[in-house]
Amino acid sequence: MRFVLLLCLVAAVASQDPTTGEALKAPNYTNLGCYRDTGERDLPLKAEVKATDVYRCRDVCRKLKYRYAGIQAASYCFCGNRYGRYGKSANTKCASKCAANKEQICGGGWHNSVYATGLTVEQASLKTLGCFIDTGNRDLPFHSAGTTDVNSCVKRCGNLGYKYAGLQAGAYCFCGKSYGKHGKALDADCATPCSVNKKQICGGTWRNLIYETEYTPSKRTYIGCYIDSGARDLPEHTRGVMSIQYCLNYCIKRGYKYFGLQYSSHCFCGNTYGRYGKGTEASCRMACNGKKDEICGAGWRNSVYATGIESMEFTSLGCYIDKGTRDLPWLAKSGAVNLNNCRYKCAAYGYLYFGVQNSNQCFCGNSYGRYGKGADSSCNKACVGDKDQKCGGYYFNSIYRTNVKAQRSLEQSVNSDRTEMRYFGCFKDAGERDLPQRGFLGTVDVHYCRWVCRGLRYRYFGLQSTSCFCGNHFGKYGQGAEGSCSIKCSANKNQMCGGGWYNNLYASGITVEEAKLTPLGCYVDKGDRDLPILSFSGSTVSINSCVKTCRDLGFKYAGTQAASYCFCGDKYGRYGKATDSDCHSRCSGNRRQICGGGWRNSVYATHADISVPSTLGCYKDQAVRDLTERPMVGKMSINRCRKLCRELGYKYAGVQYSNQCWCGNSYGRYGKVAESYCNLKCTGHKDQICGGALYNHIYESGKPEFVFKSFGCFNDKSVRDLPFLAKTGAITLNNCRQACWRYGYKYFGVQNSNHCFCGDKYNRYGQVEDVRCQKPCQGNKEQTCGDAWLNNIYATGIGSSARGAVHRGPTTKAPEVIEGGGDNEISIEEETAPDSGVTEVGCYNNNENDRDLPDLVFTGSVTIQMCAKMCAERFYKYAALQAGVQCFCGDSYGKHGASTECNLRCRGNAQQICGGKSSITVYTTSVAWRLTSKGCFVDKPARDLTRLAISGAISVNLCFKHCQDLGYYYAGVQNSAQCFCGNRYNLYGRADETQCNMKCRGNKAQICGGAWRNNVYRTNFKATSRTAIGCYKDSTDRDLPDLVETGLMTVDLCINKCSELGYKYAGLQGGNACYCGDSYGRYGKGDSTVCTKACTGNNKQMCGGAGYNLIFDTSVAVNIQSLGCYVDQTKRDLPFWALKGAKVNVNRCWKTCRLYGFLYFGVQNGDECRCGNKYGAYGKSSNTDDCNMKCSGNKAQTCGGSFAQNIYATGLHSESVIISQGISTSTTISGDKDEIIGGNITSIGSRSSGNETSIEYMWSIITYTDLLPLSFGCYKDAANRDLPVKAASAGDMTVKSCVMMCEKKGFAFAGLQNSIECWCGNQFGRYGPLSSDKCNKACGGQSEVMCGGDWANTIFSTSIGELQTIVYNYMPKTIVHTITTITYYDENGNPISSSTSTSTEEHPYYYK
């Protein structure tokens, strides 16, 4: 009894002034009500997003000179001069407790609790001085970064001690002592709305809207320059944009006598100074970073001033005991705490008392002493922030007054901790439960219990420790004291879950009408059941739970029997009606309801939608599942499975093996089978079929796929960033989101593949690179679930209108996500086949600095047909050739006028003219595409379009083609140099078109997005059903002999590559490699579960396994028939040398010569490919064994012999041969592909000597920025190396030396890493691509070029043929080189001209 009286006495003292005993007076808070908000804010300035309360927000807005403050969703503070444009709401909509004071209400989801700040219209008005011109020599010299609205800018400049503030271009704030040196501008020039308050004007472009700040110099006395040390002379510290006035204000607010400025940006406060002595005045020499004409000390030197006030005196109210449930409830600060900064912090939030504890903690509250007083000696720890002060002890507070003169008086009631859940209070319970149905027992919180009871159609729910109860009436045992409901919810420690025999009681939101059940009467049952399906039985049976279960299973009727049995069916009554008194058993799960009797059903209508959509078919399944997530095994029906998948956010549902439900967003990877394979009846609905053994019956769930938008990858620690562990094991993004949504949390995080965490805020330990959160989810290998101590963070959707029930804070309306399959409006018009005829347009001038056709796509052994085809494949209308070796593409020509100087032979075919020194020969490509952007769209680090395909010298056309080849619906160009691909876009909404304003690096006539802005295009990709033939073993002697592509891989890309080469089959291996051939299976079939490696270019596709090919039919049957074995000589029968090396085979030679526009091709000596338009000059070989050498690139084929070649037709017709006007048809074709790949010709000169003419081509060297597009890009490495062989580690490493080392070792690819390392291999990319900035280390021997990074390889091909397929060319001029050109012959084989040149330095990427 004494203890209770003592506590009452202490509480009474705490509610009075401790010195006078007078009751504390209420402040003048004017609560104006609860008002709706939208994305276009009612109060336009978002002043703060942090732990706040009414006092704090009102004070912030008042200091910014706004008349009204609005607090929203516990932590958002808005300011403005008008309110209410969206109307007033009931006070119940404003029910969120303030984050900084749980005894106050701070609005709700999209609802502001609005308060008057106390300022009059006159006091809140800011008067402009006019619009003034600005230049690079700024009128107001200091740029103040931060929130830019008029009020904030004026306040910041005044705080820094400037007399004037100027706002410019909507987003910039400048400060100064004077203004107008560049003259006045027209008022109309200042018309740009402020970026954060569209109702205000913030100047214009190079125009300042000037305001006076009301700054008046404060009294301050300079004392001198004083030495400082690690144990600070002045103990309180802050840093940032600094001036004398700012530091003075800071220290005065905290009650200090002196302040010191140090090292241009540091401010210190204290009540004594000088313990390390005085320094020379000259040693305080650094200008303040916020005001350059003032001095702010120097390194370890304080410019010391007096504040003009005496040091604040603190009178302790005593030393008081604390416990886990804190005496002063709000922890305001920890760390460098002292009495001054703790008082200031608590006063700023309107608290009456502050307590300092354990040397480093600051607590705030409006009453104290509930655990009693302690001995003064228990509060003797020195403050961390000022060793001369005492800051309590371990669980002991030194209590002080803040000098705030008011206690809160808030004119609104607490209804709940969330909107739309009316809270009734703490109610007593007993054995005969107040709320009769126990909905759940286990880990619970308010939201989860509400979800359970709503699903059961109950109007009220109550939480009691770990139990959730439901019912339609409450209160029969009366209301209890709030203190009786003090148990924290196990799933959310910020919520209360009743107490022992006490319920925290809420309304579920179900109306009286919605809670009504439809009884049909009492009916007889027998062994052959009237309602055939026993859905469940036991202690949870009630009418509500039975009706819900039968409704979920898709039945029309539910019947409860013998207190604890629930039956379902689509008809009832075949044994007749019973008397109502026969149904008398009380339900086991709700004693207030009747659940039939012995062999008697109480029958109810479920009002279920019993319609079942048509099946999409019966599909084969395997151990690696076709549909990725299994939410349930048990009593199954089609509609129950569809509902489960729909709630999880999946697009498709599959029922299997009579009792299993599977969900996913794609299906069919193992192929469709006959309906007879799906022949098992559903366990929960015998009239339905639920698949077969490893066969799914597939249905649409009824909702589109849930789109997950990651906020990024975040560190975690043992004190969790997201506090509630909701689930472990077979985690997916879908089931983790569902679990956290049901518990009412705003965010969910997936970690280490198998952990699901929930919370309402995140990021207390910082963000890391997205690439570190790469572990596949245990429940869905196509999704990533963080890593060890790393969370992938996502929003649950709480607060969205789609869910409706619980709003947790301000959110913007989610943009409509555009799906590839549903958007058939392709971004191109006037589709024309690219293989139709090529027509010469004429000869035109070109200008190196302003190209007539802007996109340089190839430099080397070019022909007219080759250039036209390359431009057609990029959807350009015209192709142009220059200097004999360059190919340009574009959609218009002629802006520099016609020319007569097109006189240089094509390096790839001397019978053709390819422009002149500065002239272009223009041809039509016979395609007429017009690419039309879908618009400008916002991007974020989690990426709208998920796959970075290429970066560097891109154009819209190149990106469009690349994404189409990879099999994506959409292409996005960004930041002038990046190309992204994906199958959906608009996750983050549309941006203003003006924000996509950067010219494409590869085509200056086009726009390639902006910073974090994509121009999006719909490609011409059409989804095709690709059914794999199977998974087949491979060996070192490859099953499919031709490795055609490695790196960024998709199924579509591989099939297309093999199709282009005329192969019948394509095989994907290891996730990143594509092989082609005309037969397969010589090593036997493998287990299909082995071929499940995700494709590096699309992780939703499978690209084989390690040593296993996933085989596809290309549906191509190119019949390349040999014309025979023909003799060759040194003067070649087929003059154009197209390919040489380890990858030559018949298919590659066919494709190359066809590309160059030749009628015939020949393979020779095992590794040579030649082209021409006639053959047989030396006759047919008399011995067929002369052409029996195996092809270097396909051992199943023969590639001629020594001076003997297998001749083939390319399939082109003779009319496709182009011979330029003025050239004799007997002129011999000449040339080869030993050449520079890429590069700009900087100048071309010619000279004559006798009858020979020499042409010199001057080339520019390549810097790293422009070399990167010539590589395959930057790829991740790991301990099990991507490229397995280390060729060298050398301090003088260059790209060339590494490529040559790997080439000599017989490898296809070279990778440079960490500046000095060279790695070799025959395929790459198994760990996926990285952004180019991860390959950021300069080569040891070539500092202007980057050689990979930490665990990152820059990949190059060792083959000249491979490099010629990489045709992104943008080369700046730095060093000039001269390269030898070709020799031409007449019909008799005599040279008619020969070009000569010298080389001042070999080009670093020229290989022979």
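From the backbone N, Cα and C atoms, a Cβ is placed for every residue, glycine too.
Annotated features in TrEMBL:
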DOMAIN    28-118  domain 'WSC'
DOMAIN    219-308  domain 'WSC'
DOMAIN    313-403  domain 'WSC'
DOMAIN    420-509  domain 'WSC'
DOMAIN    516-607  domain 'WSC'
DOMAIN    612-702  domain 'WSC'
DOMAIN    707-797  domain 'WSC'
DOMAIN    837-926  domain 'WSC'
DOMAIN    930-1020  domain 'WSC'
DOMAIN    1025-1115  domain 'WSC'
DOMAIN    1119-1211  domain 'WSC'
DOMAIN    1268-1359  domain 'WSC'
SIGNAL    1-15  signal peptide
Highest-contact recorded stretch vs the domain 'WSC' (1119-1211), from 313-403, 612-702, 707-797, 837-926, CB pairs under 8 Å: 837-926
Seg_contact(the domain 'WSC' (707-797), the domain 'WSC' (1025-1115)) with at least 3 CB pairs under 8 angstroms, min sep 6: yes
Leading contact stretch, 420-509, 837-926, 1025-1115 vs the domain 'WSC' (612-702) - CB distance under 8 Å: 1025-1115
The domain 'WSC' (930-1020), counted residue by residue under DSSP: helix, strand, coil: 14 helix, 36 strand, 41 coil
Proximity verdict for the domain 'WSC' (1268-1359) and the domain 'WSC' (930-1020), three or more C-beta pairs under 8 Å: yes
